[in-house]
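**Student:** This is the structure I have questions about; it appears just below.
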Amino acid sequence: MALTPLLLLLLSHCTGSLSRPVLTQPPSLSASPGATARLPCTLSSDLSVGGKNMFWYQQKLGSSPRLFLYHYSDSDKQLGPGVPSRVSGSKETSSNTAFLLISGLQPEDEADYYCQVYESSAN
């Protein structure tokens, strides 16, 4: 049986307080069912991914975006409602990139994925 590649579209969204970070994602990513997708979101050099709140959203055709993953650190991650445990996140400070990881890809994972960074404006 032939495996059909899944197409995962990546779109970026940015927010911030005083500085406006730029988030960069590739326009699309293809992966085979059962594989692990590693979706990157690279921050501009004026901010460090290490100490930032990263949010990931999933949007399927005809639906509103839904919170998929909140990720601050390895010990502070939270899946959105109904998101399977095969979803996780990681950060790579050397490349200033956050990653959304989806293991055991399934056809229902085909969607648009948005990353967002939140920087608290607390003084």
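Indices start at 1 and increase along the chain as displayed.
Glycine residues also receive a Cβ, built from the backbone N, Cα and C atoms like all the rest.
As annotated by Swiss-Prot, signal peptide applies to 1-19. The region 'Framework-1' annotation in Swiss-Prot covers 20-44, and the record cites similarity to another entry as its basis. What Swiss-Prot lists as domain 'Ig-like' is 21-123, and the listing cites sequence analysis. Taken from Swiss-Prot, the feature disulfide bond applies to CYS41-CYS115. Annotation source Swiss-Prot lists region 'Complementarity-determining-1' at 45-53. Swiss-Prot lists 54-70 with the feature region 'Framework-2'. Annotation comment: Swiss-Prot describes 71-77 as region 'Complementarity-determining-2'. Annotation comment: Swiss-Prot describes 78-115 as region 'Framework-3'. Residues annotated as region 'Complementarity-determining-3' in Swiss-Prot: 116-123.
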**Student:** Using DSSP, tally how many residues of the region 'Framework-3' (78-115) sit in helix, strand and coil.
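**Tutor:** Looking at the region 'Framework-3' (78-115) with DSSP, the answer is 3 helix, 18 strand, 17 coil.
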**Student:** Tally the residues of the region 'Complementarity-determining-2' (71-77) by DSSP class, grouping H, G and I as helix, E and B as strand, and everything else as coil.
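**Tutor:** Looking at the region 'Complementarity-determining-2' (71-77) with DSSP, the answer is 0 helix, 5 strand, 2 coil.
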